[in-house]
Amino acid sequence: MHAGAFINFVWALSLVSLLAAVPPSPSFSLKNLPSTACRLPPAVSEKRCRTPDGSICSGRGSCDCGICLCEVKEAGKYYGPLCECHDWVCHTYDGQVCAGHGQCDCGVCKCDVGWSGEACQYPTTCDLTRKKSNEMCKNSQAVICSNAGTCQCGRCKCENSDNSGLIYGKYCECDDTECFDDETQEICGGHGKCYCGNCYCEAGWHGDKCEFQCDITPWEIKKRCTSPDGKICSNRGTCVCGECTCHDVDPTGDWGDIHGDTCECDERNCKSVYDRYSDDFCSGHGQCNCGRCDCKDGWTGRKCEHPRACALSIEESKKKCQGSASQPCSGRGKCECGQCTCFPPGDSKVYGKNCECDDRQCEDLEGKICGEHGTCSCGRCICEAGWFGKLCQHERKCNMTEEESKSQCESDDGILCSGKGSCHCGKCICSPQEWYVSGEFCECDDRDCDKHDGLICTGNGICNCGNCECWEGWNGNACEIWLGSEYP
């Protein structure tokens, strides 16, 4: 063996022997490694995370041993030592952060060359005449800067002498001082946020200033606010004590014409180019109905942007669509140049040259067709042998005595079928001569249901004892709002 190699071998052998002689320490384990727990007292940790206004991590994160761990939101992110910075913090003008003429740097707009102002909305040089400048500063009522600011080179500078920033908007139309609660002196009573003078309350609070606490269960609140597509307020509003408060303004400053019991209608879909200060719906050739354009005769397209060639006059077109019905397309479709497009588009349940057949009329409230005892033909049930009734819901054979049957047909007031029908095998058969009578005991009057275009529930739902139960794709008190896909 080489001398150098022999020396290394002897050294290694000695080291192994030395380590073997050391007794194992029973106390050595990962648990005995130095602790990573915070050594700061809780008070000191919180102090390091507290902002000058007293909030922990600006209310946008959690404090971990004196260090702020900022939350990450889908619409942007919080950052900074105290989570004080956010993509939304900077001022906006005309729907754009820093007016599109600068960069947002932790709540302050850094303006490009040639622009100034808290939102970089003012050009440093102006080549407009005073008349032209004032015209550009007028709101929809022709008032310059809503009498809440001054006009500078065609742009409004809102009066905020205390630098509160509570008056803002392209035309200084927003005044958040209206959100102050006179009693608590807090914005929205401390239970909501203010956008353009309107309070948007936190869950469990409601009122103009979020001053009232809700007294119904969370389950009932959610149920009332769930939109037809299963979302809370259609993701376009806030659920407040079972009622949807639709967002008129989103966090970027953009306005939305949003309405409906569950904020299901968004009128922005009716504008070819969205401008929150414009009323140019449906290209000027139609009416916006819950975010869908109903075009005037002679126009077509999702936003009525295309002229339609038709050789028929308006009256000739309607007459051709009406046929023998009382209304064009039987009130169940759209008439275009003498041809009916039935509601809902692509649904085979409504059909016919004039949309005269509506097989939805064969469904009961549980969705069964003709009570599963018959077939539907053009909206009328053809019952199997042994069954009868409008929806084939009555069996001809009966194993009850007459007394047993009558006892089940009496309402709480002791009257048989409310005096508006006959009793068969324990069930009321409402008088066919009085078409509007319905209900388990013939106690309901379908004439109480809301109408639209002269039709109960607009023909798009079932009247259930005074309330319209709308079919899929329809909404509104009279089922007059179509929420489904656009016409082909």
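Any Cβ shown, glycine's included, is placed from N, Cα and C.
Residues or ranges marked as signal peptide by Swiss-Prot: 1-21.
Annotation source Swiss-Prot lists region 'Cysteine-rich tandem repeats' at 49-488.
Sequence-distant neighbours of Cys68 (disulfide bond) (same chain, six or more apart, CB under 8 Å from its CB) are Cys49, Cys57, Ser58, Gly61, Ser62, Pro81, Leu82, Cys83, listed in sequence order. Annotated disulfide bond per Swiss-Prot: Cys57-Cys68 (among others), in sequence order, evidence recorded as sequence analysis.
Positions annotated as domain 'I-EGF 2' by Swiss-Prot, on the basis of sequence analysis: 85-121.
Counting every protein chain shown, 21 other Cβ atoms lie within 10 Å of the Cβ of Cys104 (disulfide bond). Annotation note: Cys104 (disulfide bond) sits in a strand segment as assigned by DSSP. Positions annotated as disulfide bond by Swiss-Prot, on the basis of sequence analysis: Cys90-Cys104 (among others).
Its Cβ placed at the centre, Cys151 (disulfide bond) has 20 other Cβ atoms within 10 Å. Following the DSSP three-state reduction, the secondary structure of Cys151 (disulfide bond) is strand. Look at Swiss-Prot and you will find Cys137-Cys151 (among others) tagged as disulfide bond, backed by sequence analysis.
Taking Cβ-Cβ distances under 8 Å and a sequence gap of 6 or more within the same chain, the neighbours of Cys194 (disulfide bond) are Asp176, Cys179, Ile187, Cys188, Tyr200. Annotation source Swiss-Prot lists disulfide bond at Cys179-Cys194 (among others), citing sequence analysis.
Annotation source Swiss-Prot lists disulfide bond at Cys188-Cys199 (among others), citing sequence analysis. Sequence-distant contacts of Cys199 (disulfide bond), defined by Cβ-Cβ distance under 8 angstroms and a gap of at least six in the same chain, are Cys179, Ile187, Cys188, Gly189, Gly192, Lys193, Gly207, Asp208, Lys209, Cys210. In this structure, Cys199 (disulfide bond) is part of a beta strand by DSSP.
The disulfide bond annotation in Swiss-Prot covers Cys270-Cys288 (among others). Non-local neighbourhood of Cys288 (disulfide bond): Glu267, Cys270, Phe281, Cys282, Asp294, each in the same chain, at least six residues away, with C-beta under 8 Å from its C-beta.
Annotation source Swiss-Prot lists disulfide bond at Cys282-Cys293 (among others).
Swiss-Prot lists Cys295-Cys304 (among others) with the feature disulfide bond, giving sequence analysis as the kind of evidence. With a 10 A radius on its CB, Cys304 (disulfide bond) counts 24 other CB atoms from all the protein chains.
For Cys342-Cys355 (among others), the entry in Swiss-Prot reads disulfide bond, with the evidence type sequence analysis. Counting every protein chain shown, 25 other Cβ atoms lie within 10 Å of the Cβ of Cys355 (disulfide bond).
What Swiss-Prot records for 357-393 is domain 'I-EGF 8', and it gives sequence analysis as the kind of evidence. Residue counts of the domain 'I-EGF 8' (357-393) by helix, strand and coil are 7 helix, 14 strand, 16 coil (DSSP-based).
The disulfide bond annotation in Swiss-Prot covers Cys370-Cys381 (among others). Cβ environment of Cys370 (disulfide bond): Cys362, Cys376, Cys381, Ile382, Cys383, Leu391, Cys392 lie under 8 Å away, each six or more residues apart in the same chain.
If you look up Swiss-Prot, you'll see Cys430-Cys442 (among others) marked as disulfide bond. Around Cys430 (disulfide bond), the same-chain residues six or more apart in sequence whose CB sits under 8 Å from its CB are Cys417, Lys420, Gly421, Val437, Ser438, Gly439, Cys442, listed in sequence order.
Within the same chain, residues at least 6 positions away in sequence whose Cβ sits under 8 Å from that of Cys444 (disulfide bond) are Val437, Ser438, Cys463, Asn464, Cys465, Gly466. Annotation source Swiss-Prot lists disulfide bond at Cys444-Cys465 (among others).
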Here the disulfide-bonded residues are Cys104, Cys295, Cys304, Cys342, and the Cα closest to that of Cys137 (disulfide bond) is found at Cys104
For Cys90 (disulfide bond), the spatially nearest of the disulfide-bonded residues Cys151, Cys295, Cys342, Cys355, using Cα atoms, is Cys151
The answer for the domain 'I-EGF 8' (357-393), taking Cβ pairs under 8 Å and residues 6+ beyond its ends, is 330, 332, 348-351, 427, 429, 459, 462, 464, 469, 471
Within the same chain, the residues at least 6 apart in sequence whose Cβ is under 8 angstroms from that of Cys295 (disulfide bond) are Cys282, His285, Gly286, Gly301, Cys304
Nearest by Cα to Cys104 (disulfide bond), of the disulfide-bonded residues Cys151, Cys293, Cys355, is Cys151
Cys355 (disulfide bond) falls, by three-state DSSP, under coil
Row Cys90 (disulfide bond), column other C-beta within 10 angstroms, all chains, value 21
For the domain 'I-EGF 2' (85-121), the averaged pLDDT of the predicted model is 81
